[in-house]
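Engineer: I'd like to ask you about the structure that follows.
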Amino acid sequence: MDSKKEESTSDHSIPRKGSEDGKIEPHSPKSPEERLAALQDALKVDPGPNRWGWAAIQLYLITLVVCCCSGDSGFDTTVMGGINSMWQYQQYFNMTGVGKRTSLVFGIFTIGSLCGMIPASYFPDRFGRRFSMFFGNAVLIVGAVITANASNKGMFLGGRYLTGLGAACAGASAKSYLAEMAPANHRGAYLGFLNSFYYIGQMSATGMMVATGKWNNDLSWRLPLYIQTVPAGINVLFIFLCPESPRWLYSVGKSDQARLILANLHSKTRDINSPLIDLEMEEIAEKIQVDGADKRWWDFRPLFRTRANRYSAYMVILIGIFGQLSGNGLITYFLPILLQQAGITNQTRVLTLNFVNSVTSYIGALAGSFIIDRFGRRRILLVATSAVTVILAIVSGLLSSQGNTMRANAGISFIYLFMVVFSFGWTPMQALYPAEVLSYQARAKGLAFLGVVTQAASLINTFGMPVALEALHWKVYLIFMCWDLFEVIVIYLFVVETKGFTLEEIGEIFGQSNPKQFSSELLRNARQNRRAQVP
């Protein structure tokens, strides 16, 4: 059927071949089992683009532009962690690397991030996902330039505030955009790669500081702050060359454009009437309200209106808190200080080891991203969190004795292993899971809410950790070990498996009386059906 016949209607019925007027007749709601079976049947007819076909390459390039929003945050945390250990920076601002004044420098970024949740909850639904990324990164660039040129502490803090605001706004929009653009059967890899790009920012920053840390002037810490503008600048330049989210386009009455984008990126033949595209459009039509609460920026009721919404919101809170307080924040922000407390005091060696941590963490994050669609979200979270709990117990024992070089080196090795395992299990999930479990009406506000939860949890790292390290030293690891054990129990009891489902199907699962059990049974039945079909 010619795409010109695809006209948007008041109820957003979807055109399909075989109907007299070129529009789909209203469908009776499908059960989650029927939806999953329909998706599998559609994928048999249209399995999607070839891995290295033009449609896939387009989506890779789009993903790369969007990933710069994650690189923003990686740059900031690592740059500040690195320059916080530089004597040049400490001397210029009369800092020590720990204590209350350091808490303020790190914490003001978190306060800016919290404020960034206001535009992050409004702009994506009002102006589209692309504009919100553009706005956030533009503000970040201004903040980074102010920070890099700071001549006093007030100016430095002001730039840090703007940097946090911009990074939070851009990052929340990037998650919702990519979740809505990626194919259901590969969504884990795309969202995992988005959050893994955090470490690209880290590696760039730490690698540069190995060199600049040797300079005996202010440029040693100013230049890394300037370079923070690079990923943000790439996103600002190219984001409007990327297509808008099909789900957002549908929500503003542009169903023809939504269908065309889905066909170009999800269909092997780019056929707007492909069974796969028909199915995606049907599900979008059923779930997205043209005049829903997502249009009212102040209305956060979709997060808590129904039992399914509340369960999803609890999962968002879980990811936001656990993703920051598993011990990773301690290491990400304060690894140079931890190294010094373990007896490694040479600045060049500290910065080099900080760079090595970024590389190994990135390898772990990529590994998790590429297998998460195969092994599932729940299993990977359980294994990774259990492993980091054991690792923190070992680190606590090794670093409890000061002055023993062999034990200190072994403890540092396990700190590196901790970040590899954490990155493997948690880095892909922090972007993927919240974006999956939230309905369209709640997604932009829900991801903004995730940002609030994340930054609130980060306040413990940024304000409390410098003081705790100064007072407790190695005992801080014991606190995180006990907390991680609690995390394992909560994940086992409540986290719902979401792999392989479309965003709309996930919403149906959360509407069940026991989403965790229902999802497991659904996937088990699907596996049994596939085995039964094999001759």
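Placed from the backbone N, Cα and C atoms, the Cβ positions cover glycine too.
Those TrEMBL annotations? Automatic predictions, nothing curated.
What TrEMBL records for 1-32 is region 'Disordered'. Sequence annotations record features per position, and here TrEMBL assigns domain 'Major facilitator superfamily (MFS) profile' to 62-499. Annotation comment: TrEMBL describes 103-124, 131-149, 190-211, 223-242, 311-335, 355-373, 380-400, 406-426, 447-468, 474-495 as transmembrane segment.
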Engineer: Given the transmembrane segment (103-124), which of the listed stretches 190-211, 223-242, 311-335, 355-373, 447-468 has the most Cβ pairs that are under 8 Å apart from it?
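Structural biologist: The stretch I would name here is 447-468.
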Engineer: Which sequence-distant residues neighbour the transmembrane segment (190-211)? Criterion: at least 6 residues beyond either end, Cβ under 8 Å.
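Structural biologist: Counting only partners 6 or more residues beyond its ends, the transmembrane segment (190-211) has Cβ contacts under 8 Å with 59, 63, 66-79, 82-83, 86, 174-175, 178-179, 181-182, 223-224, 227-228, 230-231, 348, 351-352, 354-355, 357-359, 361-362, 365-366, 368-370, 372, 423, 427-432, 435-436.
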Engineer: Among 131-149, 355-373, 380-400, 447-468, which stretch has the most Cβ pairs under 8 Å to the transmembrane segment (223-242)?
Structural biologist: 131-149
Engineer: What stretch in 311-335, 355-373, 380-400 has the biggest tally of Cβ pairs under 8 Å against the transmembrane segment (406-426)?
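Structural biologist: The stretch with the most close Cβ contacts to the transmembrane segment (406-426) is 380-400.
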Engineer: Can the transmembrane segment (474-495) be said to touch the transmembrane segment (311-335) if we require at least 3 CB pairs below 8 Å and skip pairs under 6 apart in sequence?
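Structural biologist: Taking Cβ pairs at least 6 residues apart, the transmembrane segment (311-335) and the transmembrane segment (474-495) are in contact, with 3 or more under 8 Å.
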Engineer: In the same chain, which residue numbers or ranges, 6 or more beyond the ends of the transmembrane segment (131-149), come under 8 angstroms Cβ to Cβ?
Structural biologist: 66, 68-69, 72, 112, 116, 119-120, 123-124, 155-156, 158-174, 177, 222-223, 225-226, 228-229, 232-233, 235-236, 239-240
Engineer: Going along the chain, which residues at least six beyond the ends of the transmembrane segment (311-335) come within the CB cut-off of under 8 Å?
Structural biologist: 77-78, 80-81, 84, 106, 303-304, 353-354, 357, 385, 388, 392, 415, 418-419, 422, 426, 429-430, 433-434, 437-439, 442, 446, 449-451, 453-454, 457-458, 460-462, 465-466, 469, 476-477, 480-481, 483-484, 487, 490-491, 494-496, 510, 515
